[in-house]
């Protein structure tokens, strides 16, 4: 089983595409999805000019030779999107064209997230070259560090915060570093008439890897320790499924007042959190977490684009994140941030700050610890084997970002240079990964659900709102397929034209071979197929409403094997709304066989 989230337009066409990957030895597996496309064209970029004190100048049009926006999308998206131009690799944005960022589901950010004034002509900024090293920096799990390390980490963050007071425009300062995420993620840069966004696509992993790389080196510079390494929040292991204690010490430089106070003091983390507390035991919650990790790292991500996310497409707002970005990356942000709609002591309304909103996430030191483990998952995923390897598509490899190094020198960086952490000078201290062997085996049901008692899909859809659990029967295009047929084609459970207001949290879970009596708080069951999730979005330039229109696909070949439904012509599907279901509509659902 593998999941794909895709944008749709008024008409959708399903297409088989191919993607080249870097050459690593592997054994083919049944669930493999490939994408490919050719593009090479220049186009104009319309950018807002704003200086660092927030004063906006007139709009400029900048000729960009390398502006991405990747190739087609996942399956139907490739042909459904009206392309404004052929896509080319995304360049590092011209920081002189930075505009005001917007709070997701809120007003403009009340300050400028743009970087300090450029010391030189942007076109002359060099590409970064790794400095020589004699020893790898080793990132360790945050729950296992000693007091000596905590003191050193506190000192580094404290000195970074001090720069905010003494040199507010110093790019090494704490707020300036946090603003990097705000600018790249909340609409400060306009490319091709659309906000540049490093989430929801294949840019997610490489952007954050480079971001942490320079952040880590800056911390080391501030305490004169070139071997200093960030910790990682080991939330994929039961021992790390809590807020790391060093971040929960009031008065320390690692503490953030704008966190959800309910997650303190050893509260078990919910890797599927979408704002509501799950009424279950700590043991069940940890079991759910390990199940989610297995689904997102193994079952749902047998091939690169499912893990990394879709290519970024020119002229279209890509909303096709990879598995780990959706869960657990997003839920950890939500879990740690303040509750949206609650009030701060000064009377301001929360938009999820700090961790729960991209513009402010970098203001919480735990953000970098969280993304340390997200980055570690990239390494762990490739280590599983099979088709799990880095993308070799040039539009990905040649995409660029911009950062200041620890000496305040500006550099451009490419995705192709961040594929090997050891070449970058760091590695991760090994920890057991119990989720790798946590494939759900117990079943929520005994035998096959009687599908004759369920309404057929064509009587349930179109669905106006998902305000309750919904079960239906759906026909398969073929049954009793041979192994060769499974290798050649993936069986895809496809939800066409899902619509919802993108200003709120959205999540619904999908189960096979259960009815509406399923206990949806127990995810460690073989019938759990996956989840559709969405965070509140920034209202993008050119949008006339807040309605998201997406397709959602789950590859179910492996799942049908696990629950013994390979020979059935009709199967039962159950949808369980977890967040925002009353605002979700779905046009239709079908099962397709798609070439791999």
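Heads up, the Cβ atoms here are built off N, Cα and C, so glycines get one too.
Neighbours of residue 208 (Cu cation A binding site), defined as other CB atoms within 10 A of its CB across all chains, total 25. The Cu cation A binding site annotation in Swiss-Prot covers 181, 199, 208, and the record cites similarity to another entry as its basis.
Over all protein chains present, the Cβ of residue 333 (Cu cation B binding site) has 22 other Cβ atoms lying within 10 Å. Per Swiss-Prot, the feature Cu cation B binding site maps to 329, 333, 371.
What Swiss-Prot lists as compositional bias 'Low complexity' is 8-23.
The disulfide bond annotation in Swiss-Prot covers 98-114 (among others), and the record cites similarity to another entry as its basis. Residue 114 (disulfide bond) falls within neither a helix nor a strand when secondary structure is assigned with DSSP, and so counts as coil.
Here Swiss-Prot flags 113-182 (among others) as disulfide bond. Following the DSSP three-state reduction, the secondary structure of residue 182 (disulfide bond) is helix.
Per Swiss-Prot, region 'Disordered' is recorded for 1-23.
Residues annotated as transit peptide in Swiss-Prot, with similarity to another entry given as evidence: 1-87.
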Rounded distance in angstrom between the Cα atoms of residue 208 (Cu cation A binding site) and residue 371 (Cu cation B binding site): 7
Those same-chain residues, other than 329, 333, 371, found with Cβ within 8 Å of the centroid of the Cu cation B-site Cβ atoms are 208, 325, 328, 330, 332, 361, 367, 370, 374
Give me the long-range Cβ neighbours of residue 199 (Cu cation A binding site): same chain, 6+ apart, Cβ under 8 Å, in sequence order. 185, 321, 325, 358
Between residue 182 (disulfide bond) and residue 98 (disulfide bond): CA-CA distance (Å): 11
Compute the C-alpha separation of residue 329 (Cu cation B binding site) from residue 181 (Cu cation A binding site), stating it in Å without decimals. 15
Among 98, 113, 182, the most crowded of the disulfide-bonded residues [Cβ within 10 Å]: 113
Within 10 Å of residue 181 (Cu cation A binding site) by C-alpha distance: pick out those among the recorded positions 113, 333, 371, and say none if nothing qualifies. 113
